[in-house]
Amino acid sequence: MIRQLLVAALVGVALSAPSNKIDESLARTLQTKGVASAVVIFNQGTSDVIRSVNSMRFENRGQKITTLKTNLEALAKTTQKNVVSILNTKNVKYDAYWISNQVFVKEASYDLVKAIAALPEVAEVREEKIVYIEEPIQGDAEINAEWGIEKIQAEAAWALPGGNNGQGVVVSSIDTGVRATHESLRNNFRSSKGWFDPYTRTATPTDNNGHGTHTMGTIAGSGGIGVAPGAQWISCRGCSTSSCTENALNACGEFITCPTDANGSGADCSQAPNVCSNSWGGGQGDNWYNPIVSAWRAADIVPVFAQGNSGPSCGTANSPGDSDLVIGVGATTANDGIASFSSLGPALSGAIKPDVSAPGQNVRSAWHTGDSAFNTISGTSMACPHVAGLTALLLSRNPNLTYDQVRDLLKDNTARDLGNAATCGGTPPTEFPNNVFGFGRIDARASLAAAINGF
Ligand SMILES: *[C@@H]1O[C@H](CO)[C@@H](O)[C@H](O)[C@H]1NC(C)=O
Ligand SMILES: *[C@@H]1O[C@H](CO)[C@@H](O)[C@H](O)[C@H]1NC(C)=O
């Protein structure tokens, strides 16, 4: 024990030397390019504030999220004070976030990074990450149009006695944007505090890629493409085209927690969505987005992530979908096999991933090229929004369901392996949960029926 304490003390001393607080890859970029996009991480994280807000009682969710934001802002103001005063004396652009208690500096010089790293409250300065949308694979348009909606029995769920198609729920996505004028999506966009674009602050939703229009179509599109067409949707453009900067994903993390007008003002936490669908990611065992999903969990926003298109080898689950704090989604085929591209578990942490699976091969949905345009594409990106849509049906039935209750209800499914899937992490794909399908391919009818009977 004494030895451990001694080691910890020595490490503490080492960490306070500024050079050791500057991440090696950032140092390399600074040496070769002179400037870099840097992220300042403080010793004081957000978990104490989140824990304290979770232990308080509130009259409603809006009040809870407002308190969460107020207390995180107070924390940020105190911890970030010295860094911000250094930055204000320099001619640099920076963004300070309460959601993660981090500061993002654009074109930081080595001298500036050294000055920041020398502050005792700074834990680390590292390079800003860039992640990507789970790049879709062009599908085969010959298949039965909306097979995924049929496969998970969404329409049967809507028609259950006590069933619903998502009314009263607000769904959200962080993606490439949405073509909000699309015939499948124009009637249920929540235009008030429903859109934020950290890149160019566009006033209304746009999508230059198609990916974000497609995923939102699967969550909440009308005309047969969406699982929860009765829900309202909002979205944040975390990904400019196919790449998503860590800075924008932090800005979107704040918008999802406490939505604002498109110009970034007028925050109203009572307008927070109930679920957030995320079809992007990269790397493994990389927990950089955990502060944001922890805040969402405290705000009763269910985080759903694509597991990644890095299959078919075992141990290919991508971050943030491999985090214990989120529902990670794998992709199935029309025959209920696992799609060859679908990332498999276990996670680097040893956790079983994906958590569940959903249709992800040859999925037809809305496209960004026209108000009546559709496209058929494949990826875990396409599976994830099926689970976000089902989450909306469950929360429409009972808005008081906790994250754990939602996750439990998603297990009521009929997914069965066809026999040729891999065994990963020691659990064969015929036993559930496993590292190929998780708890299996979702079944909206079975899950909603369980919610109706059980709550
Ligand atoms: C931001 O947008 C809202 C809604 O359009 C508007 O009412 C408000 O005046 C704008 N605020 C600023 C600071 O531009
Ligand atoms: C949800 O909780 C609120 C406040 O406790 C309660 O008034 C309401 O009836 C609950 N709704 C359901 C569907 O259980």
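For all residues, glycine too, the Cβ spot is worked out from N, Cα and C.
Taking all protein chains in view, 28 other C-beta atoms sit within 10 angstroms of the C-beta of Asp175 (active site, charge relay system). Mapped onto three states, the DSSP output places Asp175 (active site, charge relay system) in strand. The annotation active site, charge relay system is assigned in TrEMBL to Asp175 (among others).
With a 10 A radius on its CB, His211 (active site, charge relay system) counts 29 other CB atoms from all the protein chains. In the three-state DSSP scheme, His211 (active site, charge relay system) falls into the helix class. According to TrEMBL, the feature active site, charge relay system maps to His211 (among others).
The annotation active site, charge relay system is assigned in TrEMBL to Ser381 (among others). A helical conformation is recorded for Ser381 (active site, charge relay system) in the three-state DSSP classification. Every protein chain shown contributes to the tally, and the Cβ of Ser381 (active site, charge relay system) ends up with 31 other Cβ atoms within 10 Å.
The domain 'Peptidase S8/S53' annotation in TrEMBL covers 166-418.
According to TrEMBL, the signal peptide annotation covers 1-16.
Taking CA atoms as the reference points, Asp175 (active site, charge relay system) and Ser381 (active site, charge relay system) are 10 Å apart.
Between the CA atoms of Ser381 (active site, charge relay system) and His211 (active site, charge relay system) there is a gap of 8 Å.
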